[in-house]
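*Asks:* Handing you this structure, nothing more for now.
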Amino acid sequence: MKGNVLIMAGGTGGHVFPALACAREFQARGYAVHWLGTPRGIENDLVPKAGLPLHLIQVSGLRGKGLKSLVKAPLELLKSLFQALRVIRQLRPVCVLGLGGYVTGPGGLAARLNGVPLVIHEQNAVAGTANRSLAPIARRVCEAFPDTFPASDKRLTTGNPVRGELFLDAHARAPLTGRRVNLLVLGGSLGAEPLNKLLPEALAQVPLEIRPAIRHQAGRQHAEITAERYRTVAVEADVAPFISDMAAAYAWADLVICRAGALTVSELAAAGLPAFLVPLPHAIDDHQTRNAEFLVRSGAGRLLPQKSTGAAELAAQLSEVLMHPETLRSMADQARSLAKPEATRTVVDACLEVARG
């Protein structure tokens, strides 16, 4: 092995999945990858399954915490810093890559105190608290979307690391001529109940002759009631609690209605898919709206704020594009033009460049 690399990412799939893509690239180049996470995040399931050693530190966020937690926070942060220092001194990594989550704060500071080159990557169009704090001390600051960070010599716009099988060329789908449009509705692994309620009502108002084929991922807790909503309004739909093969789902789809998480937006570009984007209204710093605007500005997507989009409005917008397939083709081309197939390699290149000094 050429040396150890320490990846820091935790909490949600939006941080962990891009980090796993980077881990595979490091391994392909002959490096041993270790992972720094927290005991409660999704990394506790995904990282061991990927065969990577997972080191845990105790750290949590401060937003929305009560006075008692805030008083205890400095001691807890100091404890997590010492835990991260211990891991880094044990591993002696050639570089540390942080992709977000609470773990990256103490982990990034520990890297700096140990003189280990630090690279950070921000998946969203608005930088998270940890990455904003670490940007001044990082050797490279990678961003998925342009201008997330202030301009500097160390800023690098890379895109988001996305699984290679999601990248589809313009000929991967059957032509739209002579068939129904395929509509994919995604609410994330837990489902998005506002979408589960809105879509059946809206699609019932779309004329039958242009109504799309529907595949709706509703979440495990909401799949049965969502299917019943479709039956109630006499709309045929394939409702699933979860979609495990996203590559196949994207290859089937012609249009997607979904939230605007950073990874979802990047996957839409990779798959060359037009989208109606309904950002999560309570996302921190409204980052999902900013993510969505990346597609909307280029004509690859339409922004539908949850608070102001009713069934009639959604039905009208759907009917417009369903009656004019050339609009969907144009949106798909624009989405494909935004894809960053080299994102994973670019992030890893940046890490190894600073590791070499």
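Any Cβ shown, glycine's included, is placed from N, Cα and C.
Look at Swiss-Prot and you will find Thr12, Gly13, Gly14, Asn124, Arg163, Ser189, Ile243, Ala262, Leu263, Thr264, Val265, Ser266, Glu267, Gln288 tagged as UDP-N-acetyl-alpha-D-glucosamine binding site, backed by sequence analysis.
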*Asks:* I'd like to know which of the binding-site residues Ile243, Leu263, Val265 has the most other Cβ atoms within 10 Å of its Cβ.
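*Replies:* Per the Cβ count, the most surrounded site is Val265.
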*Asks:* Taking the Cβ of Gly14 (UDP-N-acetyl-alpha-D-glucosamine binding site) as the centre, count every other Cβ atom within 10 Å, in any protein chain shown.
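*Replies:* 21, counting other Cβ atoms within 10 Å of Gly14 (UDP-N-acetyl-alpha-D-glucosamine binding site).
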*Asks:* Are there any residues at least 6 positions away along the chain from Arg163 (UDP-N-acetyl-alpha-D-glucosamine binding site) with a Cβ closer than 8 Å to its Cβ? List them or say none.
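*Replies:* Residues satisfying the criterion: Phe17, Ala21, Ala247.
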*Asks:* Other than its own, how many Cβ atoms are within 10 Å of the Cβ belonging to Glu267 (UDP-N-acetyl-alpha-D-glucosamine binding site)?
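*Replies:* Its Cβ has 24 other Cβ atoms within 10 Å.
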*Asks:* With an 8 Å cut-off on Cβ-Cβ distance and a minimum sequence separation of at least 6, pull the same-chain contacts of Thr12 (UDP-N-acetyl-alpha-D-glucosamine binding site), or say none.
*Replies:* Gly41, Ile42, Gly101
*Asks:* Based on DSSP, name the secondary structure state of Gly14 (UDP-N-acetyl-alpha-D-glucosamine binding site): helix, strand or coil.
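*Replies:* DSSP assigns Gly14 (UDP-N-acetyl-alpha-D-glucosamine binding site) to helix.
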